[in-house]
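What follows is a set of notes on a single structure, which appears directly below.
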Amino acid sequence: MALLDALPSPRMSWRQWRPNSVLVVLLSVLLVAVWLFDVVSVSPNRIVSGQGAGLVEAVGWLGALLVSGVILTLVLLSLQPSRQNYQVALVGVCLLLLLMPFGLMVASDRLVSSDAPPARLNMGMAYWLMLSLLFLCWIELRLRLTLPRRWTVLMLLGVAIVWWLCAMWALEALALGQEFRARDDEFWRALRQHISLVSVAVAISIGLGLSLAMLMRRYANFQKVAFGVLNFLQTIPSIALFGLMLGPLAWLAAQWPLLSQLGVSGIGWAPALLALVAYSLLPMVRNTYIALEQVSPETLEAARGMGMRNSQRFWQVRLPLALPVLIEGIRITSVQAIGLTAVAALIGAGGLGAFIFQGLGQAAMDMVLLGALPILILALIADAGLGALSDILRPKNTVPPGEAQ
Amino acid sequence: MSHNALGRSLTARGANPVMWPAIWLVLLMVCVWGFPYADGVLRVIEPDARQVVYQRASLASLLVQHLLVVSAAAVITTASGVLAAIVVTREWGRNFLPLVAQVASLGQTFPPVAVLALAVPALGFGTLPIIVALVLYGALPIVRNTLGGIQGVDKEVKSASAAMGMTGWQTLCQVELPLAAPVILAGIRTSITINISTAAIGATVGASNLGDPIIAGIVNGNMAYIIQGALTIALLALTVDSLFERLQERLRSRFYTS
Amino acid sequence: MIELAHVSKRFGDAVAVDDISLHIPKGKFCALVGTSGCGKSTTLRMINRLIEHSEGDIILDGQPIAAYDPVKLRRRIGYVIQHTGLFPHWTVARNIGLVPRLLKWSAAEVQAKVDELMNLLGLPKDEFAHKYPHQLSGGQAQRVGVARALAADPDILLMDEPFGALDPITREKLQDELARLQAKMHKTVVFVTHDMDEALKLADHLVVMREGHIVQQGTPLALLQHPQDPFVESLLGGLERGLKQAALTRVKDHMAPMGPTLPAQSRIPAAFSLRQGLSMMLRDHTDRLTVVDQHDVPVGELTLRKIVKEAQPEQGKVRES
């Protein structure tokens, strides 16, 4: 009965026809947006705000009709939802995402004269809306087709590569690209710093988290105090925690020259790493603890009944069963750390956040984007990738939390 | 998912739970009004600095601004988040449920700094982008918890309420929302405590609030400034959090006492 | 009176209920029996429009149910479900008074009705009125569930496996209580269960369903005597069928007048079933029982020979539907 109960109760016969209202709404908003708002804007230099250009102005009548045509086709497909139509729509959404950088090329060709090199092409309101709405459509289609999360990773990577190639070879005028080319080396260094800070912090907190969680399982009193302290740490604003690390580390470096030779000082990576680990511990420990606790006592009892030793029970039963939840913890921690590392730029730890704060300081929005966009993409990829990993490790008959409504 | 386990673990050793909000509040007030006179204490931390008491603005006025921004965001997030979750759990809005649920959990991956940074080009410097970023970021736990709360209401109970002849509106107001209330409240609590900390980042885009002393401290390498800002924010977060904890206990005890 | 004529229910391509016709006269107790997924709950839920039927007519007191406002319709029909569906945030008294309050009765009327029902269902008011559902045992919670369903004096009571989650002893007690209530109130009851013994015990009219169809319907005795196919027979307990039938027959319908011989030592009240009589004979190693009335005065005699020979009542007594 449960299955039948879950179905919405049906209405009169004329309402048997059910379009996918979600897609219809998203796509209609998209269609209105691309015609109503500026798709791109052109500015003569880095600071001056640009001159907006609509869809027709940007890509010409042909391009405008092509875009509208694809969107309308998608609307038609979502009026008659079926598995096949959804699949076609999925391809359509990907197609639009891939076409978008080419649209920029056309726009740059039409609007930016090649004899004015500092002129820049900015993506406008409609362009950003299109990007986010298409991403929402993607999520909706993925859910309707019940595709696993790893598809999102593939799609993000594919689209990112095409965008990258276009930006590299054909989009001299794009502001973001210009910003990138101006600080090419700096960007790669920042990206490397960002990723290594995050991975080192996450690695340390995995190790520490596991040991803390084990201790907690053994000593109930320690558990209370530790959770109390970790919770308290989370209430300190991230920005302040980074700041608070300045003093003690500067002092330590002054006391022990060995430390300062290693690169430890009041500013830079050391305080950032400490603060990141401090912040990462709570989600890590909490999830590890839950992961180890949620393994059903019957299973463990059975393992003991079969004559498994304590260590065997831990490595062969408890840990494998806890692994998916543990990886969820790593996912949450990593995503959070990617965001927090942006703040670490304030204390000189570098990373992509440096572009954000520099850009904000100079009122150069392209530079802010150069920092913020990769952080966003990194976070999305880490989220989808680790989520997919946890799905794969999960026993087949259980529902991953991300897929449960 | 208590953010106040410290308070709770101490409570477990015999302190009166009612006291915690009051204790944190008193400490907060002591900080706000006491720091200007605590030159001597702050001097210990930063003996070489020219100035150790943050004087560009009074901590009290910064606290008020901080609270204003966070409450404005909280009101908008709570209203819109709960409303959105209610809409997508109705019969006619159910189509949107998977997408909204997915976005609510996906949105947590957006780092607040990045959201803030992206809001600035659209909205300019000042208080508005902060509120927008806080709303975007804070709405997600509320949507997620309201969804969870409403969907967590026993199917039998919902079916019974329909079978007894309650209208959809009556079911929502008398059954679903009251039963989901503790979970919704937990979501609001998470949202607000996160936002109290996140709002400090707003100081980097020109909103003046308790993040100001922190930024000033980082820029000038003055630990004393940072401590004034950080301690005040932490105490503010703890005060609000423990208030919510009290509220949740009240709610729970209302349901389950004879 | 409830009338279902050629009613079907489709969920997408799946047919949950397929062309069933059913007539339930006023004041009768009708049980829908079948294995899980046979469409019996769906049929029940179509009657108060929790599920809308796809085809056919469901007629209630002469009017098709589509003509009623679903909300008003449901307030007129009592509904009891397996896991009670009591509102966990309301007290027992408030739960019971739900429908009267929806119907805007005055506070005093609601209070009076709640008191009356708690009394009727054996829930002492002082002890239970202010308890919350989570403080009740399964049996107590289901009593509250029944009280809630009866609160607005509905003519019709729908019950969806109401006792399915209870332990056997509590279940039997509540079954007896329901039988007692029904004898007093004469509601039109539609009762879904997969427990054939429960259905045989309570129902006036038995409907056996399978894969959305009605396989057979009739009085419990008629079904026991002439199961239409092996499925119905197996539901009715196969070899145990004879005993079940005996359980439905009263001693007083089969006793012989007192014979010339000495009355037998073992005594059985006339209101007991033949099954209990048989059991007593097995226990006491005898083939003869003395039947007594409620004052323990012998009124007749029951012999094994007579039970075996005449276990089947005359054809005229069986109502065929």
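One is the number of the first residue shown, and numbering goes on along the chain from there.
Placed from the backbone N, Cα and C atoms, the Cβ positions cover glycine too.
Residues or ranges marked as transmembrane segment by TrEMBL: A:21-38 (among others). Within its own chain, the transmembrane segment (A:21-38) has Cβ neighbours under 8 Å at 52-55, 67-68, 71-72, 74-75, 78-79, 89, 124-126, 129-130, 133-134, 136-137, 140-141, counting only residues six or more beyond its boundaries.
The list of residues near the transmembrane segment (A:58-79) in space but at least 6 beyond its ends in sequence, with Cβ under 8 angstroms from a Cβ of it, reads 19-20, 23-24, 27-28, 30-31, 34-35, 39-40, 85-86, 88-89, 92-93, 95-96, 99, 103, 106-107, 110-111, 137. The transmembrane segment feature in TrEMBL is assigned to A:58-79 (among others).
The transmembrane segment annotation in TrEMBL covers A:86-107 (among others).
Among the features that TrEMBL reports, transmembrane segment is placed at A:119-139 (among others).
Listed as Cβ neighbours of the transmembrane segment (A:151-171) (distance under 8 Å, sequence separation of 6 or more from its ends, same chain) are residues 94, 97-98, 100-102, 104-105, 108, 121, 138-139, 142, 177, 180, 377, 380-381, 384-385, 388. Summarising the annotation, TrEMBL assigns transmembrane segment to A:151-171 (among others).
Sequence-remote contacts of a segment are chain residues at least 6 beyond its ends whose Cβ falls under 8 Å from one of its Cβ atoms, and for the transmembrane segment (A:191-213) they are 226, 269, 272-273, 276-277, 280-281, 284-285, 287-289, 292, 329-330, 333-334, 337-338, 341-342, 344, 349-353, 374-375, 378. The transmembrane segment annotation in TrEMBL covers A:191-213 (among others).
Feature annotation from TrEMBL assigns domain 'ABC transmembrane type-1' to A:191-386.
Residues annotated as transmembrane segment in TrEMBL: A:225-246 (among others).
The transmembrane segment annotation in TrEMBL covers A:258-282 (among others).
Within the same chain, residues 183, 187, 189-191, 193-194, 197-198, 201-202, 238-239, 242-243, 245-246, 267-269, 271-273, 275-276, 279-280, 367-368, 370-372, 374-375, 378-379, 382 sit at least 6 positions outside the transmembrane segment (A:337-357) and bring their C-beta atoms closer than 8 Å to a C-beta of that stretch. Annotation source TrEMBL lists transmembrane segment at A:337-357 (among others).
Residues of the same chain lying 6 or more positions beyond the ends of the transmembrane segment (A:369-389) and with a Cβ under 8 Å from any Cβ of it are 148-150, 152-153, 156-157, 160, 176, 179-180, 183, 187, 190-191, 194-195, 327-328, 330-331, 334-335, 338-339, 342, 352-359, 400, 402. Residues or ranges marked as transmembrane segment by TrEMBL: A:369-389 (among others).
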